[in-house]
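What TrEMBL records for LYS20, ASP145 is active site. Under the heading ATP binding site, TrEMBL lists PRO103, MET104, GLY105, GLY106, GLY107, ILE108, GLY109, GLY110, GLY111, SER112, SER113. The domain 'GHMP kinase N-terminal' annotation in TrEMBL covers 75-152. Marked as domain 'GHMP kinase C-terminal' by TrEMBL: 223-270.
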Amino acid sequence: MDIAVMPADSTPTWWPSPAKLNLFLHVTGRYDNGYHHLQSVFQMLDQGDRLAFEVTDDSSITLATPLPGVPAQDNLVIKAARLLQRFTQCPQGCVITLDKQLPMGGGIGGGSSNAATTLVVLNYLWGCGLNDDALALLGLQLGADVPVFIYGNTAFAEGVGEQLTPITVAPACYLVVNPGVHVSTPAVFSEPELPRNTPKIGLSDYVFEKTHNDCQQIVCNRHPEVAKLLQWLVHYAPSRMTGTGACVFATFSNEDAARKVQAKLPANWSSFVAKGVAQSPLKRQLHDVYAAPDRH
Ligand SMILES: C[C@@](CO)(OP(=O)(O)O)[C@H](O)COP(=O)(O)OP(=O)(O)OC[C@H]1O[C@@H](n2ccc(N)nc2=O)[C@H](O)[C@@H]1O
Ligand SMILES: Nc1ncnc2c1ncn2[C@@H]1O[C@H](COP(=O)(O)OP(=O)(O)O)[C@@H](O)[C@H]1O
């Protein structure tokens, strides 16, 4: 799989819904409600899905492009649109088109990003007037990873991933590989052997080599294909699993180097190459739209 760069000027207006990587993921404790206290760096990528929105005068919300295996009422795009409509009592509705490129359930945040793009763009198109903090709070009801996509910055994260501080990391190009196995996030977090006491680090202490992903060993034990992929990739570049898996990323200083290794990948592993960006393409596009002189 090779994901095309998202155009900002095609018709209909496409809105980016980028992927993320967890450059590291430490589990530092557990809340009373069972959720885990995490530390992570969310790296925004320049590649992802894209969505288009057509506003309607009635209140119906429709997804024109259903996802195989995901009933419409469970699709995070529909859930996000309904949540915003209910919260703001907006009388308008919409028809949404989702161009799905990212593998689902791979730890690269596709569903959460789709929800965030829906909240951010409908807030603009419906004229709801919510700020990012309000949208992030709404988004958190849909998933722990939604707020980072609302703010759209590469960020150091704490809490369940909602306490975010922008961070500057070294420019890099990533080869993201999908081993093709499905890993359940709740299953990983309910594993008795999951390390849950990793000492906290400060934002300024973050160094890739001195951090790790606490979920990686558990996932490798349960899914040998992930372990095999990691063993293959580390031969070429520093590599790590993202989130609760199953995707794995290898880090390169430039696109050519990433593409050379991509060309050597065994055919059973799909992959894409993406650049790390400080600000998500969604936020850049939104900024341009708000800055346009003819906006109504
Ligand atoms: C851990 C991360 C890192 O990015 O994994 P990935 O999903 O990206 O792989 C995410 O924060 C996941 O966020 P998200 O996928 O939105 O998770 P949610 O729907 O909120 O939670 C799914 C389930 O995971 C567990 N969970 C999730 C987040 C957290 N901090 N502690 C938990 O224990 C809970 O059992 C929860 O019911
Ligand atoms: N719009 C959507 N895109 C992707 N997955 C979705 C969407 N709506 C609901 N889901 C469900 O959410 C699950 C997690 O999706 P995703 O965010 O892609 O993975 P992850 O949280 O591992 O990065 C999927 O397996 C799917 O069942």
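Cβ coordinates come from backbone N, Cα and C, glycine included.
Owing to the predicted nature of the structure, the values given are computational and were not obtained by experimental measurement.
Structure coloured by features recorded in TrEMBL.
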residue: LYS20; record: active site; contacts (Cβ under 8 Å, 6+ apart): PHE42, GLN43, MET44, LEU45, ILE108, GLY109, SER113, ASP145, VAL148, PHE149, THR242
residue: GLY105; record: ATP binding site; contacts (Cβ under 8 Å, 6+ apart): GLY111, HIS182, VAL183, SER184, THR185, ALA246
residue: GLY107; record: ATP binding site; contacts (Cβ under 8 Å, 6+ apart): ASN22, VAL183, MET241, THR242, GLY243, THR244, GLY245, ALA246, CYS247
Query = Counting by DSSP, what is the helix, strand and coil composition of the domain 'GHMP kinase N-terminal' (75-152)?
reply = 44 helix, 7 strand, 27 coil
Inquiry  = Other residues near the ATP site, CB within 8 A of the CB centroid of PRO103, MET104, GLY105, GLY106, GLY107, ILE108, GLY109, GLY110, GLY111, SER112, SER113?
reply    = ALA19, LEU102
Ask   = Out of LYS20, PRO103, GLY105, SER113, which recorded positions lie by ligand 2, with a C-beta less than 6 Å from some atom of it?
value = GLY105
Query = Which recorded positions from the set PRO103, GLY105, GLY107, ASP145 come near ligand 1, judged by a Cβ under 6 Å from any of its atoms?
reply = GLY107, ASP145
Query = Hey, which of the binding-site residues PRO103, GLY109, GLY111 is the loneliest by Cβ count within 10 Å?
reply = PRO103
Note = Across the domain 'GHMP kinase C-terminal' (223-270), DSSP yields 21 helix, 9 strand, 18 coil
Note = Neighbouring CB atoms within 10 angstroms of the CB of ASP145 (active site), all protein chains considered, total 28
Request  = Tally every other Cβ atom lying within 10 Å of the Cβ atom of SER113 (ATP binding site).
outcome  = 30
